[in-house]
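Undergrad: Straight from Swiss-Prot, here's the annotation block:
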- H63: active site (ACT_SITE)
- D106: active site (ACT_SITE)
- G45, G47: Ca(2+) binding site (BINDING)
- C42-C132: disulfide bond (DISULFID)
- C44-C60: disulfide bond (DISULFID)
- C59-C112: disulfide bond (DISULFID)
- C65-C138: disulfide bond (DISULFID)
- C66-C105: disulfide bond (DISULFID)
- C73-C98: disulfide bond (DISULFID)
- C91-C103: disulfide bond (DISULFID)
- 1-16: signal peptide (SIGNAL)
Amino acid sequence: MRTLWIMAVLLVGVDGSLVQLWKMIFQETGKEAAKNYGLYGCNCGVGRRGKPKDATDSCCYVHKCCYKKVTGCNPKMDSYSYSWKNKAIVCGEKNPPCLKQVCECDKAVAICLRENLGTYNKKYTIYPKPFCKKADTC
């Protein structure tokens, strides 16, 4: 029951590219993003930061660093266009430069998570934030 409540809280106020990110993750990994990665390790999910626990968590760390480089839009809220062609993510060419960057960040993390499915460890699925050690800066 606690897990369902946490997932409901994560979904409240979700908009824009966050929904697109979750869709990309599902397309690449076959895993429901909020359920499997919403509180994974120290870096997956909103407001989480710390030394990565494994390669899966490292994907999220790199994604946060990618978002930090984006200027001119809100990576978590502003929508962009992309398509799924021949089992590949294709960011829309008509996206403004900022949203093109956001799409590429999201595409990279989705692919990284797929490439590291073998490192996914259920013990990190709902990992307590206090157990995370300070991470290096991006």
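Any Cβ shown, glycine's included, is placed from N, Cα and C.
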Undergrad: At the level of the C-alpha atoms, what whole-angstrom distance separates D106 (active site) and C42 (disulfide bond)?
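TA: D106 (active site) to C42 (disulfide bond), Cα-Cα distance: 18 Å.
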Undergrad: Cα within 10 Å of C44 (disulfide bond): which of the disulfide-bonded residues C65, C98, C103, C105, C112 qualify?
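TA: Matched disulfide-bonded residues: none.
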Undergrad: Between C112 (disulfide bond) and C103 (disulfide bond), what is the CA-CA distance rounded to a whole number of Å?
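TA: Checking the Cα atoms of C112 (disulfide bond) and C103 (disulfide bond) gives a distance of 14 Å.
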Undergrad: For C98 (disulfide bond), just count the other CB atoms lying within 10 A of its CB, please.
TA: 16
Undergrad: Helix, strand or coil at C44 (disulfide bond), per DSSP?
TA: coil
Undergrad: Within 10 angstroms of the C-beta of C44 (disulfide bond), what count of other C-beta atoms is obtained when all protein chains are considered?
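TA: Other Cβ atoms within 10 Å of C44 (disulfide bond): 27.
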Undergrad: Kindly assign C91 (disulfide bond) to one of the three DSSP-derived states: helix, strand or coil.
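TA: It is in a strand.
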